[in-house]
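Participant: Below are the structure tokens for one structure; questions will follow.
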């Protein structure tokens, strides 16, 4: 299967490029100063935070939720990111072109009620953003924009996972080698929480998400959640989808047309960072809030930017969940470091504010952790305008939330070593590509767990960047973060042997131990992997809320993947197959 997939990808690249299926022509060159001037011309906090349209993933029959089928399309249209910026051409999700939004509609599902979604592609023959045919990429023979949808954080069958090789163009005119069905099934059997859906096409994830193919997905269960007493209802329980973008003066979304090493990769660069920060599709919006508790489900949908979030009036975040799952008890945090694709579920009590306004600000360097500090533009996120009057508030933050299965590292049946590499061009020292365990996505799977088991993965980061590690299907938790000593010697050995055990990793992973933050000690689907450290994660291949097996065959084709969720890294080629076996 993998050999056929690899051959199919190669043929698509050769035939597609030969047939003229190329990235769009480059506009006149633009400088970073110009992009900053465009962003700087936009007055902050003049657009109200949008509430994205909601689509229910069930119908009520005799007082109970019942399964339904949805049809959601991907469309090209215009979107206003700011009052003073011309409308931008975007790719967006919706039930029609007229109702499609950036981000897409929030799908609200009921726990235990399956949902079927037919994803349809109505996108044009050519992409609105540049892409690079020299990285492994879905390139159809007859043009079109390949897409495929992944429900991030979902526990669902492999056929509904959105394999990078299961892409399709408009009208299913062409499909990838792993494509099997236009309709995906989401069991919604997992714990209530917030997920998000986004494009996952081979080599195009960074361009397709930058264009707007993303949206929120919330699983609810009133019987489980109502007793907690957390803020609820559309006004007081809000999804915040964060994304950085840069714009041309005409409103077009900027993406680089020239690569960091053009003679190797004409377009690819290791990270995309935008000057404007958007929340729910608006640049630096504001939200008027009452003096009471609010629940915010924060999702970082940026390509590469980390956010270190805090409120300028000193109010803390009370973290109640992360990455679709609740914590066992609330944790108070003055700031939140949110990696790419990571989510945090927090409560903010505005009744405790001594000011009438609070800015949500960002202090995370980019790239993280050793890049440049945020500036006056990308260091701001949004503003809360706080009512002077005291408001009625019946919500609370309980002392206890929800319990899931124990970490139980001793139950692990397998210990794996996962090593992150960055490869450099000898002439320039710039990165050319990134691999996990020195292998490509097209290479045979080496991570082959069995459903119902626990594994320990020792994730070793030999690159300069922090990487948000995402496993499809599985749920995991970091338990230890240990620094590497004599790292150069270890890197030298790994360059020769590519084997952590033979390179005596136990002798090197004895450095400083960094505590996992309390609000990250929960079951997650994204964990930050710090450079120069070995991070121990305990991985569960079953439902962590109940301890039960998956309610579907997780060993079916085309399997799953795990990858770095910095999209520019994932596309080139920091992604590997994850194949469960019987």
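Every residue, even glycine, has its Cβ placed from backbone N, Cα and C.
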Participant: Between 308, 461, which does Swiss-Prot record as N-linked glycosylation site?
Facilitator: 308
Participant: Have a look through 200, 265, 433, 467 and flag the one Swiss-Prot assigns to the Cu cation 4 site that 564, 569, 574 belong to.
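Facilitator: Only hit among 200, 265, 433, 467 in Swiss-Prot's Cu cation 4 site, alongside 564, 569, 574: 467.
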Participant: For the Cu cation 3 site that Swiss-Prot assigns to 200, 563, which of 127, 472, 508 is also named?
Facilitator: 472
Participant: Can you check what DSSP calls residue 256 (N-linked glycosylation site), collapsed to helix, strand or coil?
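Facilitator: DSSP call for residue 256 (N-linked glycosylation site): coil, neither helix nor strand.
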Participant: Where does residue 200 (Cu cation 3 binding site) sit in DSSP terms: helix, strand, or coil?
Facilitator: coil
Participant: What is the number of other Cβ atoms found within 10 Å of the Cβ of residue 198 (Cu cation 2 binding site)?
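Facilitator: Taking every protein chain into account, the count is 23.
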Participant: Going by DSSP, is residue 472 (Cu cation 3 binding site) sitting in a helix, a strand, or coil?
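Facilitator: In three-state terms, residue 472 (Cu cation 3 binding site) counts as coil.
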Participant: Measure from the CA atom of residue 470 (Cu cation 1 binding site) to the CA atom of residue 565 (Cu cation 2 binding site) and give the result in Å, rounded to a whole number.
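Facilitator: Just about 6 Å between their Cα atoms.
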Participant: Quick one: which of these recorded positions, 152, 198, 308, 563, have their CA within 10 A of residue 470 (Cu cation 1 binding site)?
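Facilitator: Neighbours among recorded positions, in sequence order: 152, 563.
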Participant: Tell me the Cβ contacts of residue 300 (N-linked glycosylation site) under 8 Å, same chain only and six or more apart in sequence, or just say none.
Facilitator: 242, 243, 306, 307, 338, 339, 340, 341, 342, 343
